[in-house]
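Colleague: Heads up, here are the entries from TrEMBL:
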- 1-32: region 'Disordered' (REGION)
- Cys125, Asp127, His184, Cys187: Zn(2+) binding site (BINDING)
Amino acid sequence: MAPSLLRPASPCLHLASPTADDPGRSRSAVTIGGSRPLSVSLRVGGSSRREFPCTTMASRDHSGLTRQLLDFQHGTLDEIDGEHDPFKELKARFMDFKQRNCVDNTSNYQNLAQQQTPKFMVVACADSRVCPSSVLGFQPGEAFTVRNIANLVPPYQHGASETSAALEFAVNTLEVENVLVVGHSRCGGIQALMSMKSKQDDSQSRSFIRDWVSIAKSARLSTEAAAGNLNFELQCRHCEKESINSSLLNLLTYPWIEKRVNEGTLSLHGGYYNFIDCTFEKWTLVYRQGLEGGSKYAIKNRSTWS
């Protein structure tokens with residue numbers, strides 16, 4: 001299991017003093033920047049009832065923050081809070097990146113500054129261990145990438161999301177030739193999905209992660225049918241690949257993706273990175289009517305890199 005993925009967010013509220021009209025109840029206003037205050041009630045004096053709403057109004061103070069950035073003078077000394085600067089190493093890495101990609105390769109960098117023409121659209125997990133640029137060696141301009149929990153592609157009917165927006169831009173505007181969905185071993189999002197064993201579990205307290213991974217519920221059900229006799233870890237491993245194929249089929253629910261696949265101008269691929277033994281599996285989805293066995297789907301060009 002991945003209990004940390006399912007843990008609800010704890011409220012972070014600053015409470016003011018009790019009001020005079022109700023000594024048994026303290027009321028406070030929660031504000032962020034110039035947002036409208038929210039009333040928060042906390043009953044004290046023997047009552048165990050507590051109300052901790054965790055919602056604040058969106059603030060428009062971001063414009064003020066942006067003005068501060070615009071007023072910043074380049075070349076001034078860096079301001080560092082405390083003795084440890086977590087960005088020191090990142091700065092050194094950036095300067096190395098700049099030397100290799102900009103200074104040593106000026107013409108290519110200038111071309112990228114004008115336009116991007118990636119061949120790949122990559123859907124990968126947000127897990128810090130599985131960056132597709134590091135694992136597959138993508139260079140700037142080679143892959144338009146979106147990352148989310150459990151590398152899921154929602155169906156077209158799901159509506160707007162950062163993943164569907166990225167797909168729309170990559171396929172319709174950039175006209176990528178390949179969409180690659182990359183899953184990986186020991187995925188916490190898949191562990192969260194596989195932990196949802198009943199409708200009661202599915203309807204517990206609100207969780208963004210629970211709502212998101214529910215997109216792959218069909219992969220969980222298929223896994224339980226095919227590998228339900230295995231231990232939890234092996235079921236998760238099965239579901240990690242099952243969910244990739246589920247996402248590949250979900251891609252075909254987007255009309256402009258299905259159209260390009262049928263025309264032969266777009267290919268859909270699955271990938272699985274096992275960081276336990278550092279291997280990578282790759283396969284391509286075949287989609288057309290009248291395949292053997294009456295199915296519209298098949299797998300081809302499967303290979304393992306080890």
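Every residue, even glycine, has its Cβ placed from backbone N, Cα and C.
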Colleague: Compute the mean position of the Cβ atoms of Cys125, Asp127, His184, Cys187, which form the recorded Zn(2+) site, and then list in sequence order the other residues of that chain whose Cβ is within 8 Å of it.
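Modeller: Same chain, not in Cys125, Asp127, His184, Cys187, Cβ within 8 Å: Ala124, Ala126, Arg129, Val130, Ala150, Asn151, Gly183, Ser185, Arg186, Gly188, Gly189, Ile190, Glu240, Tyr273.
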Colleague: Find, among the binding-site residues listed as Asp127, Cys187, the one whose Cβ has the highest number of other Cβ atoms within 10 Å in the structure shown.
Modeller: Cys187
Colleague: Non-local Cβ contacts of Cys125 (Zn(2+) binding site) (under 8 Å, 6 or more apart, same chain)?
Modeller: Arg147, Asn148, Ile149, Ala150, Asn151, Val182, Gly183, His184, Cys187, Gly189
